[in-house]
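Student: If you scroll down you'll find the structure; I have some questions about it.
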């Protein structure tokens, strides 16, 4: 199997040319199959409720688990990529996704769906998506930003096509046969993975750096202590295990960055809080429309409208945010997009007419395009790239927790009140409060940094100031071994 140094791995210098564009095409399809898939679950919401006699809260656990595992399985995927390579991880993810949906077609209870479609399919989608994004960092150097922007259009394509296909198959053959067909469709992730053949990087670059981070004298000390059966030997082994565990946590879950980097801390808390409400319209929009008297086919069309507009708006948002005018200010664009998402939800409260819901979907889609295009770009702005993958691990795990509990808690509120409007009230509350928190906090942090810089200019020379302004980052690097991270892009 492919080791970490060949995780990415074909012939000399294939970057930005030739086969790289086939890999990009595979990444587009892959993101449509994985990230785009959960958006269609709302189409089956009502049928699953009737089939299993489940409440809104019980039914919403199924898509919540799927989305939470898809986002939160990042560190596990990173370990898999390092050990076996991107191609293996993508293909394994495709097998798990297909197996999960095929198994779901035979489920006899809603709790079984939690395991099959929720956990297994979600984990498979996570492996395929994150490994597919990682491999782009190996195949593209000069055109890496463009490649990531083009690959993200696959999500929009998935948002557009999955609901339409789901509603058609549901009408023709029921949800069980539809899930069976979905299992076969998701197996195409294996085809995408087969296209992502490994790249051999320049000789001598990665193989030496990817070696385990052992202290030079640790092995000799271990041999000395293991030669005798003293009680210190068992104490040393326990200490060694704790140290290795701590190093693994620090490598894949950047708690040190979270404690020392105020920008990362604010952004992670803000996005984690935001996710409590961000996924609610995707889960409940179709059930809300059907409950309000909209025809089922038209209700499924609402999600497709969101995806279709995303196809065009998301790349434009990425290009706009890449302008030098917004360098260092992308967090404010992101906060503005989140704020617009929250405000747009009030349209659904005003009326549930189909024309009004279409207007809501248009505005929501524009705002979502900004959120989707900027989420990881802002993270790259606040964290050094050599620690990006570990910062991403903690970031995705925390947001997956709120993605998991948000829809079921809101579903419980709907069950108690029998009023779908609380879905949009809840979503607006979390989105607006998160947007204000991030925007105001970064504004305050920026003012403090300016005051600190002004005070330092009177005491230090410009060269000394240049190194002291980012004093927190070198500390984080000195506390952890300088390992080369293999996730280069997201």
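Glycine too: its Cβ is placed from the backbone N, Cα and C atoms.
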Student: Which stretch does TrEMBL mark as transmembrane segment, out of 226-246, 331-351?
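Tutor: Transmembrane segment, as annotated by TrEMBL, spans 331-351.
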Student: Give the range, chosen from 299-319, 446-466, that TrEMBL lists as transmembrane segment.
Tutor: 299-319
Student: I'd like to know if the transmembrane segment (357-379) touches the transmembrane segment (299-319) in this structure, counting it as a touch only when three or more C-beta pairs sit under 8 Å and are separated by 6 or more positions.
Tutor: yes
Student: I'm a bit unsure how to read this: which one of 146-165, 177-196, 331-351, 391-410, 422-445 has the highest number of Cβ pairs shorter than 8 Å with the transmembrane segment (88-106)?
Tutor: 177-196
